[in-house]
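What TrEMBL lists as domain 'DUF2179' is 219-273. Residues or ranges marked as transmembrane segment by TrEMBL: 7-26, 41-66, 73-92, 104-123, 144-166.
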Amino acid sequence: MLRFKNLFFIILGAGLFAFGLNYLIIPNHLYEGGATGINLIIYYLFRIQPWLMNILINIPLFLLGWKILGKQTLYYSIVGTLGVTTWLALFERIPIHIPLEGDLVLVSILGGILLGAGLGIIFKAGGTTGGSDILARIGHKYTSFTIGQIILSIDILVLVLTILVFHDLRSVLYTLMMVTIVSRVIDFISDGNYGSKGVMIVSEKSQELAQAIDENIERGITLIKAQGFYSKKEIDLVYSVIYKGQLQEMKDLIHRIDPHAFITITDAHEVLGEGFTLDSNKQPFKQ
């Protein structure tokens, strides 16, 4: 179920991201990694507006990733992409001058904070801005690389392409500083949504919770037989491993179904198997 609060924060984050891109990054001819970086290369070369290229780049990526992202993440990602596109088109018509010409250090710092805050808010709300995030999730499903490793690789490839096209090492170095700040701000806000969390739930509504997690969050669930020490009552513990970006959604879902549920959340430093590193075409060999 799409929640108004999540949609609001995704649109807010998209606005911050688009503001930083339109009023700081583009006027100072800085660059970016990923799909946004490709978008900027095309804009600097051919003056095709970023809002239009954002749609054109992401349509085929959504078609590729619609089975992998899961329904809710896909919907939130579409909202994030359309949000960035709409804000870019709007800001293009609103002339705002930020007098930082020539001070690329301040531009990189402020741009990194704005872009990182925007993306962090979007990720925390369960969305994405499309682009390399979708490619990273696809690559993660079919390879042993983490999402973070794939995104970093894509960013590096795009920045290398930028150097080859524009021969502008100075601006690319400032961009690297900005991208580092973006990454730190995203982690600060969203607590690194691309890692994994193990969630254990003690509730008398275990069946209802398991069904809701399966339908809404689309992650695997294990029911573990247990017994209360004092009550001696038999119960089913609900255990699920989710991406960090799904944690707030999980908390909200549990609270709606059973406000009195007892929840423990742990870091899952490495997750191997179905839904994370395996798919139907990549099962372990069986004798």
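Keep in mind that glycine also has a Cβ here, set from the backbone N, Cα and C atoms.
Any TrEMBL annotation is an automated prediction that lacks curation.
Outside the transmembrane segment (41-66) by six or more residues, the chain places 21-22, 26, 29, 31, 35, 74, 77-78, 81, 84-86, 88-89, 92, 130-131, 134-135, 137-138, 158, 161-162, 165-166 with a CB less than 8 A from a CB of the stretch. Taking DSSP states H, G and I as helix and E and B as strand, the domain 'DUF2179' (219-273) has 14 helix, 23 strand, 18 coil. When averaged over the domain 'DUF2179' (219-273), pLDDT in the model lands at 87. For the transmembrane segment (73-92), the partner stretch with the most Cβ pairs below 8 Å, chosen from 7-26, 104-123, 144-166, is 7-26.
Distant neighbours of the transmembrane segment (144-166): 31-34, 37-38, 41, 44-45, 132-133, 135-137, 172, 175-176, 179, 194, 277; these residues of the same chain sit at least 6 beyond its ends, with a Cβ under 8 Å from one of its Cβ atoms. With a threshold of 8 Å between CB atoms, the same-chain residues lying at least 6 positions outside the transmembrane segment (7-26) that come near it are 32, 36, 40, 43, 50, 76, 79-80, 83-84, 86-88, 91-92, 96, 98, 100, 107, 110-111, 113-115, 117-122, 124-127, 129, 178.
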